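Taken verbatim from Swiss-Prot:
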BINDING   126, 130, 131, 132, 359, 360, 361  (6S)-5,6,7,8-tetrahydrofolate binding site
MOD_RES   235  N6-(pyridoxal phosphate)lysine
SITE      234  site 'Plays an important role in substrate specificity'
């Protein structure tokens, strides 16, 4: 082997690219020393990350197991088959495709399989907690299809199933989408099934945010009620960043397989699929149910404590991992609140709230989630303290003494609940 190739292949990251290595160390330090409350984020296990960083990244494997267009796929076939079988077992599904690169890719594949440009779809308004891929005008789903958006009730801030039914009867959509990115309440998938049947629509559940809760049995499953279910594999499922499609009908399964490849993707990411398999295996363990129950309990405690401190919570609470603050109650925008909590090492995101008068770049809300810190071991009492830190910072934005105290409390919490207990905090250079 030449010196050049030996150096290129065998050098570790720190010596091969010290700049990237340093930035990764800094990001790990940030994760260790900040409170992660972004609802769509979580911390993958060492095992998941090791699978994703394996030699599988070298392998091309277009097609499905035992139906590849490349040789040398015997081991990735076994890995992908294991991922499929674990996904089916985890969600009690008849079929699964583990190849989508993301939740958005999974949704696009479903659209390709079931719809034609110009067809009518129904999805929750983005400002009410929906997702870009459910028909937002800035997304391809909003450009290719005729989109009818439903919303939440202005008083309860919950889904009004009768209003949704009337809208569906009026517009006769070909596809109804349920499952959201900022909706903190339990979704009645059976009621959506009834509406879809009444108007002759396909029913898609995008359970990206609640997949882990569904897998653990702490949120009702959409699989028995929906024609197709999509999800990401991170968030509450705590796997690698990727997508997944599930269904219970063999005829649909063939369409979805073709819609993924060759319809919307080329070669699958087998290193990510291996990491998905590991995550599915973790989620099949009894400890994952305990974890998911704690996620929901922690969210309830976070919401209750923030309400007690005079901060409004959309819908008055939560049934899942999401706590959505309506900051109009304290005369603050989401943009300002995001900056204030970030300044004391709490990571969240500004978010629209139902009937928000502000633009999506400003917003009136702050979205919080409990999945990541629950992975670190945070319990109900710890989350009550997190709520107090947030409330102190938002109620006293100009008080530097309170800011310093918030920083100290965050630091103590991070020390009490280390992220990766077997890893040493990297030295920063």
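The backbone N, Cα and C atoms fix where each Cβ goes, glycine too.
Shown here: features listed in Swiss-Prot, placed on the structure.
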{"residue": "126", "record": "(6S)-5,6,7,8-tetrahydrofolate binding site", "DSSP (3 states)": "helix"}
{"residue": "131", "record": "(6S)-5,6,7,8-tetrahydrofolate binding site", "DSSP (3 states)": "coil"}
{"residue": "234", "record": "site 'Plays an important role in substrate specificity'", "DSSP (3 states)": "coil"}
{"residue": "359", "record": "(6S)-5,6,7,8-tetrahydrofolate binding site", "DSSP (3 states)": "coil"}
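The most densely surrounded of the binding-site residues 131, 361, judged by C-beta neighbours within 10 angstroms, is 131. Sorting the binding-site residues 130, 360 by the number of other Cβ atoms within 10 Å puts 130 first. The residue listed as 'N6-(pyridoxal phosphate)lysine': 27 other CB atoms within 10 A of its CB, across all protein chains. Taking the Cα atom of each, residue 126 ((6S)-5,6,7,8-tetrahydrofolate binding site) and residue 234 (site 'Plays an important role in substrate specificity') are about 21 angstrom apart. Around the Cβ of residue 359 ((6S)-5,6,7,8-tetrahydrofolate binding site), a 10 Å sphere holds 10 further Cβ atoms from the protein chains shown. Same-chain residues at least 6 positions away in sequence with a Cβ under 8 Å from that of residue 234 (site 'Plays an important role in substrate specificity') are, in sequence order, 40, 41, 42, 44, 240, 241, 242.
All protein chains shown were included, and the count of other CB atoms within 10 Å of the CB of residue 126 ((6S)-5,6,7,8-tetrahydrofolate binding site) stands at 22. Candidate binding-site residues: 130, 359, 360. Nearest to residue 235 (N6-(pyridoxal phosphate)lysine) by Cα distance: 130. Residue environment of residue 132 ((6S)-5,6,7,8-tetrahydrofolate binding site) contains 17 other Cβ atoms, counted within 10 Å of its Cβ in all protein chains.
Our reading of the (6S)-5,6,7,8-tetrahydrofolate binding annotation (126, 130, 131, 132, 359, 360, 361) yields a largest Cα to Cα distance of 16 angstrom.
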